[in-house]
C-alpha cells in the first residue's frame with residue numbers, strides 16, 4: 001500500500017528534524033568609535049614623531065654649528081689685530097666658550113637615542129594601523145555601512161573597508177616641513193587617552209555587526225565551531241578579547257611614569273624609548289644667542305680673563321675680592337649692552353678677511369657674516385694664525401739684530417782685581433780697598449797688590465766660574481769685574 005500524501009509530508013518533516021543542523025555564528029559588537037578614535041589619534045601623533053624629533057635634532061646641531069662659527073670668528077679677529085681692542089676680545093671668547101656649550105660630545109648618544117625612539121614608536125604605530133585596517137576591512141560585501149562589520153563608524157553604522165578610514169597615522173609627516181609640534185597623546189607620563197578599561201558605548205551592536213573577530217566562543221567567533229584560545233588580543237595587545245565570549249577589555253595605560261607594568265609589550269617599549277629621548281633633551285631645542293655684557297659680568301671665566309689680559313693684573317683671580325672692581329672696570333671698557341653689541345661683538349663677527357685666507361682668488365675682502373661654513377672658518381683661522389706667528393718671528397729677529405748692533409757700538413770694559421789694585425798708585429787709596437795692599441818694600445811698580453782677602457776672593461770667583469761652565473776652563477771674562 002502506498003502511503004498517503006500527508007504521511008509522506010510527515011515523514012519528511014521528521015527526517016528534517018532529525019538531521020544535524022548547521023549553526024549560524026552570531027558574532028560580537030563592532031569596535032566602538034571611542035576605541036577607534038583613541039587609537040587613531042594616538043597613531044596620528046606617532047606618525048608626526050619622526051619629523052618632530054628630526055626637527056629638534058637639527059635645531060640642536062644648528063646651535064652647535066653657530067656656536068662654533070662665533071667662536072672661530074672671535075679667534076680670527078684676535079689673530080688679526082693688536083692693542084686694547086684685541087685684549088677686550090679675550091673675556092668675550094672666555095664667556096662664549098664657558099656659557100654656550102656645543103654639546104657635540106653627546107651627539108653620538110643622541111642619535112642612537114633618537115633612532116631607538118623613532119623605531120619603537122613606529123613599530124607600535126604600524127601594528128595599531130594594521131589592526132584598525134583589518135577591522136575596517138571586515139565589513140559586509142556591498143553593504144551600505146548599516147550592515148555587518150567590525151569597526152564602528154557611528155552607533156548605527158560600520159566603516160566600509162580600510163579605504164574609508166581617514167587619518168589614523170596612515171601618512172608619515174614630512175620631515176622637511178619643520179612645523180611639527182610635540183606629541184600630546186604619548187607623553188612622559190603615559191598614553192593620555194588610553195585610560196578606559198571597558199568598551200565605549202557608540203558602536204554597531206552584535207545583532208547587526210556580527211563581528212566574529214571580536215567574539216571567541218565556539219560557533220560565534222572567527223573559528224566557526226571552535227573556541228578561540230583564551231587571552232587572545234588585538235591591536236598589539238591593547239584589546240584583550242573576552243575568554244569564550246563576546247567583547248574585550250583594555251588596560252589603563254594613561255599613567256605609566258610610576259609603573260609601566262600594565263602596558264602591553266610594544267606600548268611599553270615605545271613609552272620607554274620616548275621617555276628616554278625626552279630625558280636626553282631631544283624634545284626641546286633653543287637657538288644660539290650672542291654673548292651679552294650682562295653674561296660677561298657674571299662669567300667667572302670672563303672676569304678672570306679680563307683681570308689678566310685687559311687689566312694686566314698678574315694676581316690670581318678671587319671672585320669675592322675682585323668681582324665688584326672688575327664689574328666696574330668692564331662698564332668702563334664695554335660701556336653698555338648696546339655699545340657692547342655694536343662695538344665689540346658685531347665687530348668681531350662682521351670682520352673682513354682676505355680671500356686668500358680660504359684659497360679664493362683676488363677681489364675684495366670677504367665679510368665673516370657671509371661665511372657660514374665651519375671648515376672654511378677653520379681654514380681662515382689657520383691662515384691668520386700662521387701670519388701672526390710669522391709676524392712675531394720677524395719682530396724677534398728684528399730685536400735680536402738691534403741688540404747685536406747696540407752691543408757692537410758699546411764698549412764694555414772689564415778688569416781683574418789685580419788690575420784694579422795695580423791702577424791705584426797712591427798708598428792710601430790702595431789700602432782703602434780691602435782687596436788690595438800697598439807694598440812699601442817693592443821697588444818697581446805696581447806697588448799696590450792683591451791682599452790676602454783679595455787673593456781669596458779671586459780664587460773663589462775662579463772656582464765658581466769653573467763650576468758654572470761644567471768644570472771647564474773659565475771664559476775670558478772669568479774673575480773680572482765691571483769697571
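Cβ coordinates are placed from backbone N, Cα and C, and glycine is handled just like the others.
According to TrEMBL, the compositional bias 'Basic and acidic residues' annotation covers 438-469.
Sequence annotations record features per position, and here TrEMBL assigns domain 'Trypanosome variant surface glycoprotein A-type N-terminal' to 13-385.
Under 8 Å from some Cβ of the region 'Disordered' (187-207) lie the Cβ atoms of residues 26-35, 38, 41-42, 149, 152-158, 215, 238, 246-257, 260, 263, 267, 271, 274-275, 278-279, all in the same chain and six or more residues away from its ends. What TrEMBL lists as region 'Disordered' is 187-207 (among others).
Annotation source TrEMBL lists region 'Disordered' at 432-483 (among others).
Among the features that TrEMBL reports, signal peptide is placed at 1-25.
For the compositional bias 'Basic and acidic residues' (438-469), residue counts in helix, strand and coil come to 17 helix, 4 strand, 11 coil, using DSSP. Residues in the region 'Disordered' (187-207) partition by DSSP class (helix H, G, I; strand E, B; coil) as 2 helix, 1 strand, 18 coil.
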